[in-house]
Amino acid sequence: MGFNLILWYHPNLVLAVLLLFSCSFGLFSANDEVGTGQGETFTVSSFSYPETRLRPFDLRYIRVDLPPWFSALSIALKSDVDIDISRIERVPIRTLPIICFRDGSPPLPDALNTSLKHSATSGINGLDVEQCFPMQKNITMKLTNNQISPGVWYIGLFNGIGPTRTQSKMIIRGPSYSFIANISVEACTNSMMRGDFCNNTVYPLSCEASDVSNALETKVNKSVLENLVTCKSNSEAFCVHEGVPNFFSLDIMNVAEEIIITATNIRFNVTSSNDVSLMCFFRHGAMPSVNSNDYSIDIAKSPLVIHSPLIGRWYISIVPLNLTKTQVSNVRVCYSVESQVLQCPLGKAGPNCIMESYLLQTFVRRGSTPFESYYLPVGGASYDSANFPLEPLLKNSSYIGESDNIWTYFLLDIPRGAAGGNIHIQLSSDTKIGYEVYARFGGLPSLDIWDYYYANKTMRSDPSMFFTLYDSSDTKVNFYIMYAREGTWGFGLRHLNSNGDSIKGLNIMSISLERCPKRCSSHGDCKFSFDASGLTSYSFCSCDRNHGGFDCSIEIVTHQGHVRQSIFLIVSNAAAILPAYWALRKKALAEWVLYTSSGISSGLYHACDVGTWCALSYNVLQFMDFWLSFMAVISTFLYLTTIDEVFKRAIHTAVAILTALMAATKATRSSNVILVIVIGALGLFVGWLIEISTKYRSLSFPIGISFNFSHCFQTIKRWLYNLVKTLLRRYHLAFALAGFTALAMAAISWTLETSESYWFWHSIWHITIYTSSFFFLCSKANIEDSEATHPTDGDYELTHQDSLPRSG
């Protein structure tokens, strides 16, 4: 939640500020000590990411570090995505490739409620929150230090989002795309220069301990004054014309209670009675302007006071107005800028430093996942677990002032590279929880300034992907801050009913950094990976077949649906009985063993795949299913040949080795289906060649080349006629056509398979592929009976001659 303090004066004054500031932003005179030309820059870092392919539901993160003195970030991405932005709503979100940007931690676009109609090049500006856009073929952008803040930025590329992205799938099919990225960071050669063209001089305010003014001493607690730091520019005064801004920078290194910006020694270079206006624009992390600022005020009238400022670098812009009303030309206003940073002593925080503040120490958990840790108060009693009682920490809280505005603060640090982790907050009580929890990055929270908060069941942060509430009752609160930014976090407990039962009861708090929220809700496995640069680890849930979402809490497949899918995928393998029965009837024992084993292994594999029961390990069952399926298809082709068993065993052995390699390496490739059919057809062709070479050796062919084309044509015609006659004699045409029809249906069902409809179409695949094998087996005629009923002319003549009566 941002906090913007705007003090509005007369509308004409606002219009004048807007006009003068925009016109004079890059045009300053030499007398004002600001350059007019384009400043020099140098390349801080430049990364070129090689071509990367994102399969369906894949993602990639790219981390970009921007130093405080950077001037511009250049991004160039090229991909093979071809999407019409005007028709983006027609593309299902589960297949939509998108690109996201986020400051401080990796983006999570799965629960975005914003529209994705705009392109990245036209819609990106002021990335204060996560922004996502449809991926395009070419994306080129340049973001300056006037648009974005220094620090860590993350670019996320996703091929489909939504709850099904983390769901484990039996098959993953869909469009893929590849991208190439070039990212470079530039900085101004002169460390005091900023702006789009490094042509704005920024004067740093140097800080040191100083004496306290009488006016401030009467307003502020004495303990605060002991830690007062005054920051001033090295120049005594700045004299500028109307509308010409001066820029300053102020570094806040630790948690501060208050910043006061004042303008002193305001005077004109000539005698004038005009009341000058010095519009001050204050912004964290980036150069301020009239339209882009966090705070604004006329500091010639009153100082700018900022409570609980964020840690980091602040930029100040001061623009003088109302100078041209005098008749004296070349009038300029002179002023000095001073800031006072009020810090509380150690262990204190809040207004006038009357609240308690505790620094939390990190305790790293032992395990294989990186950056898992929990936090306990420094210097307190020894704790046996990650939980710590609040009563010993709250008893010193001061109740001076408003009873409903009593706070206890906790500070912790998220280490560098751990932005892919999640902060887990738990609060419990044996009576009733009497506290509200507020969280803020880079500073202390309050009722007006916070990033996330929980007050009760109805008052809390808006539900989003980055704030997830799991338990909300009178006695227990349990929520996560997803993908927390690396750096300092401040947590505040606001006391309710200071005289009630919450003080008397036992209150337990726990703060930890975990990899996956709620341990993936016991419906998946927590895994982690690294971004493209290898500098940041991020965690994610790999959910089971029935659940999805970032924490596996969304039920995608109901229990009834799971039972239905299991029955279809397992029972459909009973179709293997058809070819197994026919093979056993024809005493083809090798084929019978293959079909029977293939049906059984496929049923066991799918029973394990849907999460019903695993007889062996998943990898073993998958290998057996694919290998035996490949062998069954090829054996069907080999069965149609009539070659000797010696040759058939040799071909079977070679095919077994080849299909085993296919099943062991990328068995789920779609191309394997075509490859297996090709191998089977090739085996059938080789079998025919062997048969021709062994049974028709007596056939003689003329050595010479005959030029009698009529005779050649008749020979080819007769050969083709005999071939067709032989095929019709050896195979039943009706069964063969039925087999090809079932095989075509199997191919169609294979192509129709998607992640959502896999269970149905793959069950149809089981039935049709086994049925096609059954029809092909039935299409083979009994060769011996067929040839016995069609004897050759020579055999018939010999029989006829032997039947003549013989004379002695």
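Glycine residues also receive a Cβ, built from the backbone N, Cα and C atoms like all the rest.
Keep in mind that TrEMBL annotations are predicted by a computer and have not been checked by a curator.
The structure displayed is predicted, hence computed values, not measured ones.
Residues annotated as signal peptide in TrEMBL: 1-16.
The list of residues near the domain 'EGF-like' (541-552) in space but at least 6 beyond its ends in sequence, with Cβ under 8 angstroms from a Cβ of it, reads 108, 110-111, 162-170, 465, 468, 482, 516-518, 520-527, 558, 561-562, 609-611. Feature annotation from TrEMBL assigns domain 'EGF-like' to 541-552.
Sequence annotations record features per position, and here TrEMBL assigns transmembrane segment to 626-643 (among others).
Here the transmembrane segment (672-690) has Cβ contacts under 8 Å with residues 626, 630, 633-634, 636-638, 640-643, 647-648, 651, 655, 658-659, 662, 666, 747, 750 of the same chain, all six or more residues outside its ends. As annotated by TrEMBL, transmembrane segment applies to 672-690 (among others).
For 696-713 (among others), the entry in TrEMBL reads transmembrane segment.
Residues of the same chain lying 6 or more positions beyond the ends of the transmembrane segment (733-752) and with a Cβ under 8 Å from any Cβ of it are 670, 673, 761-762, 764-765, 768-769, 771-776, 778-779. The transmembrane segment annotation in TrEMBL covers 733-752 (among others).
If you look at the transmembrane segment (758-778), the same-chain residues 6 or more away from its ends with a CB under 8 A from one of its CBs are 169-171, 564-565, 568-569, 572-573, 575-576, 578-579, 582-583, 586, 591, 595, 599, 602, 610, 632-633, 636-637, 639-640, 732, 735-736, 738-743, 745-746, 749-750, 752. Residues annotated as transmembrane segment in TrEMBL: 758-778 (among others).
Averaged across the domain 'EGF-like' (541-552), pLDDT for the predicted model comes to 91. DSSP places the residues of the domain 'EGF-like' (541-552) in helix, strand and coil in these numbers: 0 helix, 5 strand, 7 coil.
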